[in-house]
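Report on the following structure.
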Amino acid sequence: MLVLGIESSCDETGVALVDTSASPTPCLLAHALYSQIAMHQPYGGVVPELASRDHIRRVLPLTQDVMKSAQHTLADVDVIAYTRGPGLAGALLVGAGVACSLAAALGKPAMGVHHLEGHLLSPFLSADPPEFPFVALLVSGGHTQLMRVDRVGSYELLGETIDDAAGEAFDKSAKLMGMPYPGGPHLARLALGGDGAAFKLPRPLLHSGNLDFSFAGLKTAVLTQAKKLGTELESRKADLAASTQAAIVEVLVKKTLAALSQTALKRLVVAGGVGANALLRSQLNAACQQRGIRVHYPELEFCTDNGAMIAMAAGMRLQAGLVNLDALRGSYTFDVKPRWNLSEFQSEPALATQNA
């Protein structure tokens, strides 16, 4: 069975094709991605209206590229999957509308996919996929969560941020230091030349006794320190960047280790854009190696939003028998969910026609 996946939740347009006849997980046949970073950079962040319009321009040409690369036609596709949420409402509607229109024209079923489930299952796109069960650290621009994953569709929330996500802490701190959008990668690069112990920054909720996160206070501390430095900020920017990164990473690592200890699981999956951070990977790898825990990451190209993870999540749900294809056929109305907690999703079938 061929599954076409479309991602349009924020500022990347992604399309991919997977084959679910492969075992034990679907095989990625082709994928294409277009990033809107350059378009949003002058504004210092994502402009939702511009994002939606650009998705409209890109999604069909990318689909054509994917089908050509995979040496298939749209008529060969069995299921069309799209990101139903969470994300920007207008951007989500573009992907959902295109997916359901194509499905209706081809007489094929369309299914909505949870964006975070896509991130969670993205390591299955690698040559060394994880095995269930595992603890997952989901760290992106908008989400920071620790979850226990027993199988596809079975997710237990262990802890999450109560305010800013880790990715927001990176991006907002970078912006306070005068770095361009998106700030996180710029901050990480600058931190390579700095001293992570130069500034004493808070580690919010580090000793809270639970697995929740908080990064809003850290952002405030960075702002205070930047103002205190004044004209010296430019010469001390690398140190402040390194200290900020060290604070974020320490909290992520220690909370993750606590989750592994609490669940007694020996496998860890790290997914989402922040999962590409070199310091985070280095510290997690070292700590987990000492404890006999295997760590799995997506390939770097699949850390940020992409169509491959959406196609993979849909394909794995189909393989697990969690999707009622008969209920999808012949009805192409749809809705999107800009706010949608993965723990609410659980083993709910991803039906394009389901009500919110």
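Placement of Cβ uses the backbone N, Cα and C atoms for every residue, glycine included.
What Swiss-Prot records for this protein:
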BINDING   His115, His119, Asp305  Fe cation binding site
BINDING   Leu138, Val139, Ser140, Gly141, Gly142, Asp171, Gly184, Asn277  substrate binding site
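Annotated features taken from Swiss-Prot, shown on the structure.
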residue : record                 : DSSP class
His115  : Fe cation binding site : helix
Leu138  : substrate binding site : strand
Asp171  : substrate binding site : helix
Gly184  : substrate binding site : helix
Asn277  : substrate binding site : coil
Asp305  : Fe cation binding site : coil
### Query
Residues with Cβ closer than 8 Å to the Cβ of Gly184 (substrate binding site), same chain and 6+ apart in sequence?
Gly141, Gly167, Phe170, Asp171, Ala174, Gly273, Val274, Asn277
#### Entry: Same-chain residues at least 6 apart in sequence whose Cβ lies under 8 Å from Gly142 (substrate binding site)
Pro86, Ala165, Gly167, Glu168
### Task
Identify all same-chain residues not among His115, His119, Asp305 whose C-beta atom falls within 8 angstroms of the centroid of the Fe cation site's C-beta atoms; report them in sequence order.
Glu7, Ser9, Thr83, Leu116, Gly118, Ser122, Ser140, Gly272, Asn306, Met309, Ile310
### Task
Could you check which of the binding-site residues (Leu138, Val139, Ser140) sits closest to Asp305 (Fe cation binding site), going Cα to Cα?
Ser140
### For Leu138 (substrate binding site), nearby residues of its own chain (Cβ under 8 Å, 6 or more apart in sequence)
Leu116, His119, Leu120, Thr144, Gln145, Leu146, Met147, Ala271, Gly272, Leu342
### Message
With the cut-off set at 10 Å between Cβ atoms, which of these binding-site residues ends up with the most neighbours? Options: His115, His119.
### Response
His119
### Summary
Within 10 A of the CB of Gly141 (substrate binding site), the number of other CB atoms across every chain shown is 22
### Query
Which ones in the same chain are close to Ser140 (substrate binding site), with CB under 8 Å and 6+ residues apart in sequence?
His119, Ala165, Gly167, Gly272, Gly273, Val274
### Query
Do you know offhand how many angstrom separate Val139 (substrate binding site) and His115 (Fe cation binding site) by C-alpha?
13
### Query
Any idea of the Cα spread of the substrate site, Leu138, Val139, Ser140, Gly141, Gly142, Asp171, Gly184, Asn277, as a max distance in Å?
17
### Query
Val139 (substrate binding site) has how many other Cβ neighbours within 10 Å of its own Cβ?
29
